[in-house]
Amino acid sequence: MTFKALEERLRALPEFPADTASPSRLVRGAAIVMALGIALTLVASFLSFTNVPPQLLKKAATAGFWVALIALGILMIISIYGIVSDLRRWTVDQAMRTDHQLEQFMQEVSWLKKYPAATLQIMLDHARYSHTRRAGRIALLAGSIDKLGLLPVAASLFLVLRAGGNPLAMSPLTAIVGIFLLFFWMICWVATSARGKLQTYEYLLDMALRMV
């Protein structure tokens, strides 16, 4: 019994039918593309005091600026569409999604019950330890920035919009602040996704132990 085997089983589970057409994946993709576009502009602005040719920096910053703007527009359209769609049938869809997920989780619990209780307890303790440790690392590196959602990205985008894509219109200090905001957001995004996985492991292992 390993966490890898459990993760492979979870990945093999079929998605809820409504989730296959959900715009959430597009939202995440647009947010990442927007962050990369912002980062390109900020890096070009930060390098404006170096010997890098200004024409090259201008092209890079302009490209990043327009990529960020286009991604922002797509993000807003998809988000509004998703909110409107969810409001129409949110209660029914949410109940059906919960039933679907519970049925799948019970299948995994039945599989976990085949293993000795001592093995399940060891894995549960390690999952909890890893979860607590990861939460501490996030707090050490980025404080509570993980609770701000996309606000760090929005702040960086504001810096880019204020400069209008012109690397010479932004000071290197302002650019480095924007870069750090994006960097911390990426750390929190990856770490929060990993914490969600650990929480799922904890939930399944705890349920299996109760039923052994």
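Glycine residues also receive a Cβ, built from the backbone N, Cα and C atoms like all the rest.
Below 8 angstroms of C-beta separation, residues 57-58, 60-61, 63-69, 71-72, 74-75, 78, 150, 153, 156-157, 159-160, 163, 165, 167-172, 174-176, 178-179, 182, 185-186 of the same chain, each at least six residues beyond the ends of the transmembrane segment (30-51), sit close to that stretch. For 30-51 (among others), the entry in TrEMBL reads transmembrane segment.
If you look at the transmembrane segment (63-84), the same-chain residues 6 or more away from its ends with a CB under 8 A from one of its CBs are 22-24, 26-27, 30-31, 33-34, 36-42, 44, 157, 160, 164-165. The feature transmembrane segment is assigned by TrEMBL to 63-84 (among others).
The feature transmembrane segment is assigned by TrEMBL to 138-161 (among others).
TrEMBL lists 173-192 (among others) with the feature transmembrane segment.
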